[in-house]
Amino acid sequence: MTTPARYAVVGRPIAHSLSPRIHAAFARETGIALTYTAIEAAPEEFEAVLAAFVAEGGRGLNVTLPHKERAFALCAEATPRARAAGAANTLTWTGGGWHGDNTDGAGLVRDLTERRRHDLRGRRCLLLGAGGAARGVAPLLLDAGVSELIVVNRTAERADALCLALGEPARARARYWDDLDALGDFGMIVNATSLGREQSRVGLPFGLVAPGHCLAVDLSYGEAAVPFLAWARAAGCADAVDGLGMLVEQAAESFQRWHGVRPDTGPVYAALRARADALATAD
Ligand code: ATR
């Protein structure tokens, strides 16, 4: 009997990662034999953990906080979308080095446009944050056809750097957090900050929300998404979406890269959503 191919997600903290559960479900659904584990690694251990994984026959890794930029930096080759993000969440061992991809932005757009049937084209979009999560989704939001992408970050220099890297000065521009009141209203607001992990309330102006058709998205899920989504509903957003669908879709993109098959994400998403709802009710 041949040993199943090895895959894993690496991050810190990693104990609560849903990726092993998602990839196991995809493997069952597609009949592909694999193992997929979670590996905890501190930043200083990252390179050594990857070397050990390859030495043990590992083929592919998902990379999550806080390693996505580091992962990209050690790739011998990378997709344009990983280069645009300067961050990789999907590593594939080629035999001589790592190939890097970033499936986060594609996962987000697929969740919003195909599962939820939102049309992103022509929307004026506010992107809050300029860290790894924001960099992963920004190029794909432009590709999806938003009319403007206004990037606002607590540390203004990071927003400037992100917009410079996007290379579309006519559509993607940085603005100051202190000027949020003066930016007008938006048809889409994406929270890519870790604000919700630190604070129970987000003090954003309600005037950011275009009445009747604003889509609010938090890239995180569970407890971390609660403050922003509560704000979005109170502010009158037409829809307020967490990052659970994006998580499942980015995993499907990684799965397709590794195994050449796109899994049906519907059943896994439905199961995780039911679990998340049950946990929220139990709180
Ligand atoms: P990630 O990979 O999740 O993006 P990150 O690179 O550490 O992680 O970025 C966290 C983001 O949340 C940054 O945009 C950060 O702003 P700074 O660049 O100014 O640090 C933002 N953030 C974190 N705490 C915040 C807070 N209390 N208010 C506003 N933004 C915050």
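Glycine too: its Cβ is placed from the backbone N, Cα and C atoms.
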Listed co-binder of NADP(+) (same site as Gly129, Ala130, Gly131, Gly132, Ala133, Asn153, Arg154, Thr155, Ala156, Glu157, Arg158, Gly243, source TrEMBL) among Leu180, Leu183, Leu215, Leu219:
Leu219
Measuring Cβ to any atom of ligand 1 with a strict under-6 Å cutoff, which of the binding-site residues Ser17, Gly129, Tyr221 qualify?
Gly129
To the nearest Å, how far is the Cα of Gly243 (NADP(+) binding site) from the Cα of Ser17 (shikimate binding site)?
13
Using a Cβ cut-off under 8 Å, which residues of the same chain at least 6 positions beyond either end of the domain 'SDH C-terminal' (243-273) come close to it?
7, 18-19, 21-23, 25-26, 29-30, 32, 34, 59-60, 62, 89-90, 92, 101, 103-104, 106-108, 110-112, 115-116, 217-221, 225
